[in-house]
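For reference, TrEMBL has these:
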DOMAIN    32-95  domain 'Acyl-CoA dehydrogenase/oxidase N-terminal'
DOMAIN    244-362  domain 'Acyl-CoA dehydrogenase C-terminal'
Amino acid sequence: MRTGRASLRTRTVIAQPPPVTGAVLTATALAASRAADTDRRRRLAAEVVDAVTAAGLVRHFVPRRWGGREGSCAALFTAVTELATGCAATAWCTSLWATHGRYASYLPERGRADVWAAGPDVRLAAGLRPRDGGCRRTAGGWTVHGGWDHVSGVEWSEWVLLGAPEPEDAATVRVFAVPRAAVRVADDWDSLGLRGTGSHGVSLEETFVPEHRSVPLSAILRGDGEPGAARCHRVPAHLPGSVLLAAPALGAARHALSCWRRQAGRSAGEQPAAAMVLASSAAEIEAAAMLLARAARRADRGPAGELATAGNRRDAAAAVRLLLAVADRLLDAGGMASVAAPHPLHRAWRDIRTVAGHAALHPAAAAQAYAAALGDAQPW
């Protein structure tokens, strides 16, 4: 039965991923050398933050008018995956800093001028769903207050995007760009994995935010770019968003397999049980990579409607479940040495499991969104 809905069918061509730049490789090596300390201290190293910023990843989605790249999802996905082979926490923060630069592009002109006054390499953290608080209209803008949880990368950010329900309609959320110095950061991120992301809670006392530094969350989620805006500013937030959230898990899984192979040594090729661990894990990592790479290409040049967005959420959630199975298998096969918290295989397992816990990657929610979008259409 034909319904007129766009199909998710794509040509079965394996496209080459965008090349990883030398600057990204340098940042990855530096992040890897600091990964254990990052995990222990629950904080990224300043030199690592500088390296990913110098690599142009923070400005990746910033409009060209403000000095940015207006880059592709595929290019950022490739870079973030590579970074995660060195440090998943670094990759997670980098992915979100780039994504939040994209969110800031929906601010009014004067708001963008405020955020990027010093240039395009401005790191933005975000808490879009408050645990408490709100906003009210005042002359020339809004007064905002409240608390927000899990604001990744806030320690190294210059601005924070904070969501608050509008007083006339609690279901309508407005996003406000606030200087990082205006918020209080609670040192409360002490998690299983992604420990170095510093995804702390923040709070804001009643603060005036001018109208030009606010935008409805719905405009960000829909991708309401201006006429003539780049592709990356004209697609729904979840179309590239789910892929970029999953990328750190892919890089961490590749790193985990490398760690296990070094630990297993010759037995990986000589013992049947070890060979099964190797082959199964490599195949599942490759399957996840193919799902995510296809979803990234879809974000860059395919249909940008509800079905495409739900399809990307479906594929990202499925890919992360594959990677989680890989991490569990490798940890089991790693023996007693790998269960110690400082062990790199254990760290990769913790990081992948934490990525999998993100609400956007929950398989049940992704499945429900996909089924609703598909309707009576065929899934292939």
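Keep in mind that glycine also has a Cβ here, set from the backbone N, Cα and C atoms.
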### Task
Kindly report the helix/strand/coil residue split of the domain 'Acyl-CoA dehydrogenase C-terminal' (244-362) according to DSSP, in that order.
103 helix, 0 strand, 16 coil
### Query
How does the domain 'Acyl-CoA dehydrogenase/oxidase N-terminal' (32-95) divide up by DSSP, counting helix, then strand, then coil residues?
44 helix, 0 strand, 20 coil
